[in-house]
Structure formats: C-alpha cells, structure tokens
Amino acid sequence: GHTVQFCRDQHGSRFIQQKLEVASEAEKAAFFEEVVPHAQSLMTDVFGNYVIQKLFDHGGPDQRENLASFLVGHAVQLSLQMYGCRVVQKALEFASIDTLIALVSEFSGQVMKCVQDQNGNHVIQKCIEVVCATAKAEGAYLHSHIQFIIDAFMGQVEKLSTHAYGCRVIQRILEHCIDAQRDPVLEEIRNSFSALIQDQYGNYVIQHVLKHGRPSDRVMLMNEVRVHLLPYSQHKFASNVVEKCLQYGTREERGALIHHLTHGHAEGQASLLQVMVCDPYANYVVQKIIDVADAEQREGIITEIRAHAAQLKRYTFGKHIISRLEKISGKKM
C-alpha cells in the first residue's frame, strides 16, 4: 500500500531496488501491480526512475513488455528529461522487436533536437546500438528502422562531428551500422579530415575512422598525418590522432611515419625528432613511437637522440624521454 511512496524516497527507492534483485515471482507480481498505475510519473522522478529501470532488469518478459508499452507515444518527451532518458534507454534494451521499432520510429523528424540535447543524445546512441545488435542477433533486417537518423545527418556530418553530443552519435554509427549506412557518413568525414583532426570533439570521430573506417579511409588519413606530422603532433587534439595512427596503422604505415620522424627536418634544419621530444604534446607521440617501434626503428631513434642528448636534457619532456630510452637500451646517453 506504500510502494509508490517508497519509490519516490531516496532510501525507500534503494531498499526496493535491492529487494527486487532477490524477490520471488509472486512478490514481483504484487509489487508490479501496485507500481504500474504510477509508472509514467515514476519514470521522470529523481528516485523512482531507478526502480523502473530495476523492473526492466529483473521483471518477467510480460512485465517488461507492459512497462515498455507505457513509453510508446512518449519516447521523445521522456528522452529529453534527465531521468526519463535513462528509462527509455533501458526500455530499448528489453523491449520486444515490435515495441522497439515503435519506440525508435518516434524519433523520426526529431533527430537533431535529440542529438543536440544533453539527455536525448544518449537515447539516439542507444537506438543505434540496440537496433544493430538486435539485427545481428535475430538475423533480421532491422537497420532500415534507423535509416532516418543517417538521413538527418546528411550534409551536416562535419558540423555534428565538432559538436559535444553529435560527435558521440557519429561514433556509434561508425561502430555499429552496416556499410551502406556508414559509407555516406565516411565520405563527408573524408572531406573534412584536417578540420576534424584538430577539433576538440572531431578528433574522437577521426580516431573512430581509424578503427572502424574502410581501408581507403585509413590510407588517406595516414597520408594526411604523415604530410603534417610535426604540426599535428604539436597540437593538443591532433596529437591524439597521431598516436592512434601509430597504434592502428599497419606495419608499413607505421614504418612510413617513423621514417618521416627520424629523417624529416623542421625549419632551421633541426630534425623532427629533436623538435618533438621537447614539445608538450609531441613528446607523447614520440613516447608512443618508442612503444610501437621495432628493434631497428628504435635503434634509429636512440642514435638520433643520443647525438643531441646534452641539449635535450635541458627540457623537462626531453629529460623524461632520455631516461626512458636509457632504461630500454641499458646505456647512459
């Protein structure tokens, strides 16, 4: 008789969540019956939303489906609310395919509004993840039900990639969607490599291209980074991309970057390596190169640094890298 009152209270909510994990089917059924008439208001309640989420985790198939049906017709409105958005994400995970399709379709025409919202963007990410995972598991062609998300992005991929929330949704598309959906998104990203590599949010999208893009995208990206190795390595955000190129590149691609580092020169004829070792961002790129280099490449780096050791030791970052190389080689510089 006091279930709803408990759900809305901080300690009561926690107590109920713990009990639901160990409750019998009969206890859950009785509890569910009392909560259902108030389910919608509890979904947006600061403490009640956790109880609804727990019901999705531990309820029976019928109870979950019953709960999910309460969201139909209200998915967008709930997604834009701080607590409701968490409940929608849970419902997407546990809903039947029919209810899942019904919930996802509500976002058609509302994609941009949700993507640029601090709560709604999480729901759009979840729509992509769940629909693609369900399609994989069930062998059903469900991808078409999120095509409206990709369509809404066309012509705006660069802008969204540089948006705090939009960049996350682009990353989910690259991770989960089928080639026919990813390819047009990748085409737009390719046209903006330089801008995105240097952007505080766009650099994460570029890192995803390295991991989930097509081989041709990676080749083009590797070439872009090799040509601009020094300025990108010295850049706060772009240096992250250079590190990822070294991590995900093929042996040949890595070799080309390392060769450029040890044989290229900056203005004033100092070697790229000398300049990068002393830079607050580029020194991390040098450390990554030391990690991924093979024995011969590492030897080349050690030789180059040894020749300028006295000068490099004057710099904080230079000192750090020299002591690291001394440990690796077992020789003083």
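Glycine is treated like the rest: Cβ placed from N, Cα and C.
Residues or ranges marked as repeat 'Pumilio' in TrEMBL: 1-33, 34-69, 70-105, 106-143, 152-187, 188-223, 224-259, 267-303. The domain 'PUM-HD' annotation in TrEMBL covers 1-329.
The repeat 'Pumilio' (106-143): residue composition by secondary structure is 25 helix, 0 strand, 13 coil, according to DSSP. With a cut-off of 8 Å between Cβ atoms, the residues of this chain six or more beyond the repeat 'Pumilio' (106-143) that come close are 72-73, 75-76, 79-82, 84-85, 88-89, 92-93, 97, 100, 149, 152-153, 160, 163, 165-166, 168-169, 172-173, 176-178, 181.
Remote same-chain partners of the repeat 'Pumilio' (70-105), defined as residues 6 or more beyond its termini with a Cβ less than 8 Å from a stretch Cβ, comprise 39-40, 43-46, 48-49, 52-53, 56-57, 64, 113-114, 117, 119-120, 122-123, 126-127, 130-131, 134, 138, 140, 142, 145-146. Within the chain, the repeat 'Pumilio' (1-33) has long-range Cβ neighbours (under 8 A, six or more residues past its boundaries) at 42, 45, 47-48, 50-51, 54-55, 57-60, 63, 66.
Mean model confidence for the repeat 'Pumilio' (106-143) is a pLDDT of 94. According to DSSP, the repeat 'Pumilio' (1-33) comprises 27 helix, 0 strand, 6 coil. Counted with DSSP, the repeat 'Pumilio' (70-105) comes out as 27 helix, 0 strand, 9 coil.
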